[in-house]
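Student: The following block contains the structure, expressed as structure tokens.
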Amino acid sequence: MESLTLQPIARVDGTINLPGSKSVSNRALLLAALAHGKTVLTNLLDSDDVRYMLNALKALGVSYTLSADRTRCEIIGNGGPLHAKSALELFLGNAGTAMRPLAAALCLGSNDIVLTGEPRMKERPIGHLVDALRLGGAKITYLEQENYPPLRLQGGFTGGNVDVDGSVSSQFLTALLMTAPLAPEDTVIRIKGDLVSKPYIDITLNLMKTFGVEIENQHYQQFVVKGGQSYQSPGTYLVEGDASSASYFLAAAAIKGGTVKVTGIGRNSMQGDIRFADVLEKMGATICWGDDYISCTRGELNAIDMDMNHIPDAAMTIATAALFAKGNTTLRNIYNWRVKETDRLFAMATELRKVGAEVEEGHDFIRITPPEKLKFAEIATYNDHRMAMCFSLVALSDTAVTILDPKCTAKTFPDYFEQLARISQAA
């Protein structure tokens, strides 16, 4: 297996121009494909997950052109639901941001489409979404294991009253919200359980509004969506920088700054993960906000005990930053780490122990006590981009770290390690 050894880093300082947000990129691509008119997306993320969405749209007959660097995309909207001319199988890798929204959108009208993916995708639950779509009339068949992909979709979603469990993944609700306006009837979506990752729902609602569709949000407990609507192209749309990707550079600055400035997000960003900067500030770093940047300057870091449900992806970065904080850090209400690219609670606990931390792994929490001195380790990444990027922070100690399968960052940030090296000074 390929590996990358990072030598100790004495200091980080500089500016990072963030790649486009994965969450925003894939939502915007699908809405542009469903919309009337031509949409030009700029600062689109070029990564594996986005390529899976683009390939799926092409197979569904959507016409688009990409710039040479794949960050500008002109899409000719379909002006309504997407249909395959004949039976079709779409391979979506391990891209939840493609699998979940497409599973819903392709239930409009009549289709015969199979959605499948990598082995890990077949372990990521989708039953709550399927149950909700079936309540709205969709015909969906599990081809292997009940409640998991691959799925056969044969259309039929017309709207009506649907319940969806919000406690596992906000992507199920996102998928329903994006699909419901194009259904022939009105849809009332009721949330069962506690809704996780609410800020990701705000991204969805924000984008739907940009594409001309309004819905009624009743305190995140019920959503009322008028049927028979259509999406309209906003013309040109700039994809925000990826706030989850910003977390590694901001944390690096908190540990070994200097000052690091990330551009492409700022105080008015729609992504909930910008709140990661508030957590660093609470730990002792100095944060400065602009309209299109966030900067972080080193501070004496202290442990925290916090509910991290609102920033599940960026919270992983706090788990490795905790290695450099004084005291025991506890991250709570993070059960949904277990159904991501890997079981992130298990993976994080396992790899933190390798570098010498004392770790308690609970059902939905993790408690981390840093060692006096970090140990050299080979870090398994579990084909999870965030594990690779999180553990790069270990090099901010006086210990090297080896990251196995470093190219797994291609899911969201193909040149992450080059960007980190650019702002790093060797010890």
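Glycine is treated like the rest: Cβ placed from N, Cα and C.
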Student: Which one of R70, R275, R298, R386 goes with K22, G96, R124, Q171, R344, K411 at the phosphoenolpyruvate site, as Swiss-Prot has it?
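Tutor: Same phosphoenolpyruvate site in Swiss-Prot: R386.
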Student: Quick one: pull the CA-CA distance for R386 (phosphoenolpyruvate binding site) versus S197 (3-phosphoshikimate binding site), whole Å only.
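Tutor: Just about 17 Å between their Cα atoms.
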Student: Within 10 Å of the Cβ of R124 (phosphoenolpyruvate binding site), how many other Cβ atoms can you find? Include all protein chains, please.
Tutor: 21
Student: Of G96, Q171, R344, K411, which binding-site residues come within 10 Å of N336 (3-phosphoshikimate binding site), going by C-alpha to C-alpha distance?
Tutor: R344
Student: Could you tally the C-beta atoms, other than its own, that fall within 10 angstroms of the C-beta of R344 (phosphoenolpyruvate binding site)?
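Tutor: So the number of other Cβ atoms within 10 Å of R344 (phosphoenolpyruvate binding site) is 25.
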